[in-house]
Amino acid sequence: MSSDVIASPTAGTEGSPRALGFDRFATAILYVVTFALGAVSSAQIDLWWLLRAGQDIWHTHHVSLVERYSHTAAGRYWSNHEWLWEAIAYLLHRAGGMPLLSAWTGAVVATTAWVMRRNSRALGYVVPIVLGIALPLMSVSWTIRPQVTSMLLFAVTMLLLARERYAWIPALFLVWANLHAQVVMGGALLGVATLASLVDLARTRSADAARRARHLALTTAVSAAATLVNPLGPRLWTYVLDANGRPGQDRIAEWATAFSSPVGAAIFWPLVVVTIVLAVRRRARLRTWADRVPALAALVMAPLAMTAIRNIPFFVVAVVPLWMTLLEFHTRHPVGTVRRWREALVAVALLAAVGVGTVWAAQPPKLAWHPVSSGLASALRGCPGPLYNDYDQGAALIWFVPDVKVFVDNRQDPYPASVIDASMGLAPSDYRRTFDRFGIRCALLHRRSALAAAVLRDGWTPTYEDGTSVVLVPPATPRATSATE
């Protein structure tokens, strides 16, 4: 933990280097809690194909841009823009399994919270209060996926802009562009910051504004060029520009707009209203460039969060330091000694570590570490021909049953629209046409679905059943042992 969090004097106690306000202690506790919650977050379905791709990168020493995991899109172009994250994740998984991957996620989200706090110069209780409000809103996005890393890098970009450490930004963008395509959000922030610096220059004609505008324009150009240094090259940009037009995206919850999602609307619009009211009423507090950077970041992220609720956590990353600056107030704080607060912090950290370790040892279903049972994997390996599975099932099969080609998974971009449509709510009356078209000889279906009932009525035989899934093969196929027998 940073020394400026643990040992800085509290307002009103200057001159006493051993004094520490409860506000700083509470902030440090929030970092510990954030790590713990991130470390026990559920595995998102993306993780499994990400791990498989990372494994292939290490085994082949090559980043493949060709689809190889399905029988419906084999050989098609795949925009594998997350290759570096995949390689890192696989290496961590190989070294320490799911616990190490989960600890990595906890460290990333806790570091993001720390950087968010560093993006405001506010002091006092406003810091833990605002963090305490914001972190639960962000926690819905805490899972083992590249988007969490992008949130951290967006916060770091804000910090570098606020402190005018421009030389570091192109290197950051070079790494970010190979970790995740959401580097575009950092690019949008750079562009808006450059425009804001030009407005400042036109308004003030000061040497400081001229220097900032010049440096930002150069940094933006070099950073944009740095994003081209990746296996996709300029196709990374076209991938981002086409992001909202991929097949089936309108039926995926995280891509819903803040207008159509009740949960997204309940989080996003109050944040927007409060931010606008505070920024208007207390705009005098945004005097310096460093104070204005979070406002610029919020301006960038608001429309992106409006069009896809998956971007709301990025908006929160922007508004947290802005709220801290606009809501800062001064009061006398309960003061203790550094040693006392450090002892309490160590106790909380140990308690959190025990809690996290207990969850890892128990491996409750909430963690979703084992989405494919050994019985299901065995049944799928015994399939007599091409497999049908729905949109949400394929990713786990790519990792846990690597020798079986899937019908589809949730990557979207390698697949034709017809395959995506057939994997999302295939009508029982239409399944024969789809099965015939793709030569389906094995079907992994939700056990109580209407589609499973229709296929069973047509004489298909279950070779595996559990509480949620059933594997079916056509009539006259030898029957394997069922998990229920």
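Cβ atoms here come from the backbone N, Cα and C positions, even for glycine.
Quantities reported herein were computed from a predicted structural model and do not represent experimental measurements.
According to TrEMBL, the feature transmembrane segment maps to 28-51 (among others). Long-range contacts of the transmembrane segment (28-51) within its own chain (CB-CB distance under 8 A, at least 6 residues past either end) are made by residues 1, 5-6, 69, 82, 85-86, 89-90, 93, 98, 101-103, 105-110, 113-114, 128, 131-132, 135, 139, 142-146, 148, 345, 348-349, 352-353, 355-356, 359-360, 366-369, 371, 392, 394-400, 409-411.
Summarising the annotation, TrEMBL assigns transmembrane segment to 122-144 (among others).
For 183-201 (among others), the entry in TrEMBL reads transmembrane segment.
What TrEMBL records for 213-232 (among others) is transmembrane segment.
Counting only same-chain residues 6+ beyond the ends of the transmembrane segment (252-281), those with a CB under 8 A from a CB of the stretch are 137, 244, 295, 298, 302, 305-310, 312, 315-316, 319, 322-323, 326-327, 410. According to TrEMBL, the transmembrane segment annotation covers 252-281 (among others).
Sequence-distant contacts of the transmembrane segment (293-324) (same chain, at least 6 residues past either end, Cβ-Cβ under 8 Å): 112, 116-117, 119-120, 122, 126-127, 130-131, 134, 137-138, 140-141, 147, 150-151, 154-155, 158, 161-162, 182, 185, 188-189, 192-193, 196, 244, 253-259, 261, 263-264, 267-268, 271-272, 274-275, 278-279, 286. TrEMBL lists 293-324 (among others) with the feature transmembrane segment.
Feature annotation from TrEMBL assigns transmembrane segment to 344-362 (among others).
Comparing 122-144, 213-232, 344-362 for CB pairs under 8 angstroms to the transmembrane segment (183-201), the maximum falls on 213-232.
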